[in-house]
Amino acid sequence: MGSKSTDIVWHDASVSKEERQEKNKHQSFVLWFTGLSGSGKSTLANAVSRKLFERGSHTYVLDGDNVRHGLNKDLGFSPEDRTENIRRIGEVAKLFVDSGQIVSTAFISPYREDRHQVRELLSDGEFIEVYVEASLEACEERDPKGLYKKARSGEIPSFTGINAPYEEPENPELTVNTEQKSIEESAQEVVDVLVNWNYIEEQ
Ligand SMILES: Nc1ncnc2c1ncn2[C@@H]1O[C@H](COP(=O)(O)OS(=O)(=O)O)[C@@H](OP(=O)(O)O)[C@H]1O
Ligand SMILES: Nc1ncnc2c1ncn2[C@@H]1O[C@H](COP(=O)(O)OP(=O)(O)O)[C@@H](O)[C@H]1O
């Protein structure tokens, strides 16, 4: 989408991202959790964020509660709206990264190309794609919001996994299978990887 604004001039920030990272004692980046509804994105994003917070990191979670009810409340679930949803979330995530924070996002983000566009928006290493893997059968069995039941009965016309696509990541930085690991194990695995990759300090 092209820009509608002309005559806008970029203003240099008086405090740089690098200065904020130095003060916070960690890198700033996006943990992009993607997966089917009910796969555990939100649960995991919050569990990881809690662990990071308790280690003293500056963290925030973006998910449906604070985005689809507010900023993106004008968007539905058509392919175009999902793409716009992810584009805006990507832009917001980038602002959080500029502010020196570790931002975890929990959106289905079903299209590879949309996730790729967010990656492109950020600098090298700032986009960590975490595939929250769980079979459709397991997600449908969990059905924490009763939405699969509604989708099966035809009440929701384009539900991801049932009658709308989910394009699995081809090269995610990390995959966590929530059928094989507990919430605690998966969250700890993400934190351990961040330490190993020098995104956060060992404690
Ligand atoms: N048609 C349809 N398809 C998929 N999901 C639906 C739909 N309608 C409502 N919901 C609920 O909205 C949540 C998904 O929103 P997202 O913003 O993550 O979706 S997307 O990335 O734009 O595809 C999703 O939340 P999660 O279960 O947390 O993934 C559902 O609760
Ligand atoms: N290992 C696991 N990791 C994450 N969630 C799990 C796991 N095992 C069971 N669950 C349950 O699955 C559901 C996942 O829901 P949620 O986190 O809202 O998923 P999503 O955000 O992907 O829609 C929760 O009820 C959670 O307690």
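Glycine is treated like the rest: Cβ placed from N, Cα and C.
As annotated by TrEMBL, domain 'APS kinase' applies to 27-177.
Positions annotated as ATP binding site by TrEMBL: Gly35, Leu36, Ser37, Gly38, Ser39, Gly40, Lys41, Ser42. The secondary structure of Gly38 (ATP binding site), as reduced to three states from DSSP, is coil rather than helix or strand.
Remark: Ser109 (active site, phosphoserine intermediate) has Trp32, Thr34, Arg82, Ile86, Arg115, Val118 as non-local neighbours, by Cβ distance under 8 Å and separation of at least 6 in sequence. According to TrEMBL, the active site, phosphoserine intermediate annotation covers Ser109.
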For the binding-site residues Ser37, Ser39, Ser42, the one whose C-beta sees the most other C-beta atoms within 10 angstroms: Ser39
Sequence-ordered recorded positions from Gly38, Lys41, Ser109 with Cβ under 6 Å of an atom of ligand 2: Gly38, Lys41
Stretch-averaged pLDDT - the domain 'APS kinase' (27-177): 97
For Lys41 (ATP binding site): intrachain residues, at least 6 apart, with Cβ closer than 8 Å: Phe33, Thr34, Gly35, Asp63, Ala106, Phe107, Ile108, Val132
Recorded positions whose CB lies under 6 angstroms from ligand 1, from Gly35, Leu36, Ser39, Gly40, Ser109: Ser109
ATP site, defined by Gly35, Leu36, Ser37, Gly38, Ser39, Gly40, Lys41, Ser42: further same-chain residues with Cβ within 8 Å of the Cβ centre: Ala106, Ile108, Val132, Ala134, Cys139, Thr178
